[in-house]
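Participant: This is the structure, below, for whatever I ask next.
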Amino acid sequence: MAPKRRPVPLIIAPTGEGQSTNIDAASEANLEALQRKLGELDLDEQQRKRLEAFLTQKAQVGELKDEDFDPICELGAGNGGVVHKVRHKPSRLVMARKLIHLEIKPAIRNQIIRELQVLHECNSPYIVGFYGAFYSDGEISICMEHMDGGSLDQVLKEARRIPEEILGKVSIAVLRGLVYLREKHQIMHRDVKPSNILVNSRGEIKLCDFGVSGQLIDSMANSFVGTRSYMSPERLQGTHYSVQSDVWSMGLSLVELAIGRFPIPPPDAKELEAIFGRPVLDKGGAEGHSMSPRQRPPGRPVSGHGMDSRPAMAIFELLDYIVNEPPPKLPHGVFTTDFEEFVMKCLMKNPADRADLKMLMGHTFIKRAEVEEVDFAGWMCKTMGLPQPSTPTHSAE
């Protein structure tokens, strides 16, 4: 990891003239506690200023109510909910509002809202900012910082493949986000995938949709059938799983972003040549990529942006493949050996053999990516057709 910097004191600026605030002695104490917590984080000057700005804006928001939002557009759907870009009228802030429809008893609903309050304490440059959660008309609303670049699955659709040097920066942010959640809050993400990694025109990369509310996870499991394709083999088998499961999901996501399609079943030599524009050899010198000892299934992955024209693989075939077949890997000779090895360590089927967060943070691929000069914001804005720079909260419509 980067050398430790001296913690920079956090100053929350007072709210502007005419803004109503509810800052009493209790919330003053909360701000002091927040300053102490942020002081413990390894923030550079820019990260500190951005967190300060977000928290200053958040202090002006007050209690969130359904009637205070004007819809702007729909950002996407997934994880049992629809996400809208909205304007919060009292503060004029642009936010992302996720609506989750749940048929649940009031006691369960109140427990979910209570459990979501933990998100107020999740303040990190690698975690999407949280404004608050509330219940209205049969729906739970989770209001978050708006990330104007969208999610990495949306970026992938535009880019077709994401370059290794960009994925180096993504890997650093995801790892630091997972380390923060584990060390500061003792929680694991549980749902790492490209659609839960968000980016913005300032070049920030942040995790969202992690499992802070056990009750919400349970309620959604009863209501929705989500994609299970990023789950680790041990989790699919119903055995005990830990943060090592998040490591698997990150590795699988990186392969998808690097080759341009969900990597199960693996692309054959013909598809790899179509993807990379040249023959791709395996380590033995022969064309091809599949490590599977048995015949490759006839279906293609459930989702992806590749050139595979076979009928879709049924979800049960996909889950069987993840549990019983060799793990995906990066095609040899297209990427650096550091990146190949990093992904391989993430995708060991036995969680005991899989690299942990600390090992991955010290890996050569990450160490190289930390010192590499990469204009992530420039690449992102060019790919997504965004002006640069702009702020995620007051972004242009």
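Don't overthink the numbers, they just go from 1 along the chain as shown.
A Cβ is built for glycine as well, from the same backbone N, Cα and C atoms used for every other residue.
Pasting the relevant annotations from Swiss-Prot:
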- ASP191: active site, proton acceptor (ACT_SITE)
- LEU75, GLY76, ALA77, GLY78, ASN79, GLY80, GLY81, VAL82, VAL83, LYS98: ATP binding site (BINDING)
- 69-366: domain 'Protein kinase' (DOMAIN)
- SER219: phosphoserine (MOD_RES)
- SER223: phosphoserine (MOD_RES)
- 1-21: region 'Disordered' (REGION)
- 284-306: region 'Disordered' (REGION)
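Map the listed features onto the structure and describe their local environment.
Facilitator: In the three-state DSSP assignment, the secondary structure recorded for ASP191 (active site, proton acceptor) is coil. Neighbour density for ASP191 (active site, proton acceptor): within 10 A of its CB lie 21 other CB atoms from the protein chains shown.
GLY81 (ATP binding site) carries a strand DSSP state (E or B). The Cβ of GLY81 (ATP binding site) lies under 8 Å from the Cβ of LYS98, LEU99, ILE100, HIS101, ILE142, each of these being in the same chain and 6 or more residues away along the sequence.
In the three-state DSSP classification, SER219 (phosphoserine) falls within a helix.
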Participant: Starting from the Cβ of LEU75 (ATP binding site), draw a 10 Å sphere and report how many other Cβ atoms land inside it.
Facilitator: 20
Participant: Any idea what DSSP makes of LEU75 (ATP binding site), helix, strand or coil?
Facilitator: strand
Participant: Rounded to a whole number, how many Å is the Cα of ASP191 (active site, proton acceptor) away from the Cα of ALA77 (ATP binding site)?
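Facilitator: Their Cα atoms are separated by 15 Å.
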Participant: Fill in the CA-CA distance, VAL83 (ATP binding site) to SER219 (phosphoserine), as an integer in Å.
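Facilitator: Distance between the two Cα atoms comes out at 18 Å.
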Participant: Hey, what's the Cβ neighbour count for SER219 (phosphoserine) at 10 Å?
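Facilitator: Around SER219 (phosphoserine), other Cβ atoms within 10 Å: 21.
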